[in-house]
Amino acid sequence: MQSYASAMLSVFNSDDYSPAVQQTIPAHRRSSSFLCTESCNSKYQCETGENSKGSVQDRVKRPMNAFIVWSRDQRRKMALENPRMRNSEISKQLGYQWKMLTEAEKWPFFQEAQKLQAMHREKYPNYKYRPRRKAKMLPKNCSLLPADPASVLCSEVQLDNRLYRDDCTKATHSRMEHQLGHLPPINAASSPQQRDRYSHWTKL
């Protein structure tokens with residue numbers, strides 16, 4: 001018995017569990033003694049039984065409200081009557097039916113929900129509702145994949161062409177205004193050639 005105790009003490013005091021020390025312990029005792037050590041990351045987790053993924057509060061469900069209390073049986077009934085109806089459509093129908101109920105018809109379900117909430121507060125006094133963050137949806141025109149170099153080059157060329165056409169249009173328009181500003185004003189005494197020339201420039 002003394003040799004077993006000294007062997008166990010040397011094992012827990014050493015950082016590496018050497019095979020020589022483990023051989024001094026019987027097989028059935030060694031398996032039961034090291035079961036917790038091998039499965040847990042630390043002695044604290046083995047003693048307390050806590051899970052590293054989260055506390056118990058993260059797994060606690062919210063207390064049901066009046067609508068959920070009412071819709072439990074109604075949803076089951078509607079699903080049995082309409083086996084091909086989708087769950088989303090059932091939810092829409094239940095929401096519409098709930099709105100059509102009077103306050104007197106809703107009141108028993110509000111009372112039941114208040115009782116459930118009181119029981120929930122008593123059972124989980126430190127409970128706080130933490131809604132899950134929804135993943136941000138990317139816009140339809142936004143993509144994480146890199147754009148094709150050929151398409152980028154093509155779009156740049158098209159943009160340059162548009163800018164070039166706009167610049168040419170502005171330059172032509174300003175040049176025409178400049179030329180029209182130097183034309184003599186047309187009047188009734190002007191010759192037919194002058195009137196034709198003026199109409200030609202104004203049509204451009």
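From the backbone N, Cα and C atoms, a Cβ is placed for every residue, glycine too.
Checking Swiss-Prot for region 'Disordered' across the ranges 25-54, 175-204 points to 175-204.
The DSSP breakdown of the DNA-binding region (60-128) into helical (H, G, I), extended (E, B) and coil residues amounts to 51 helix, 0 strand, 18 coil.
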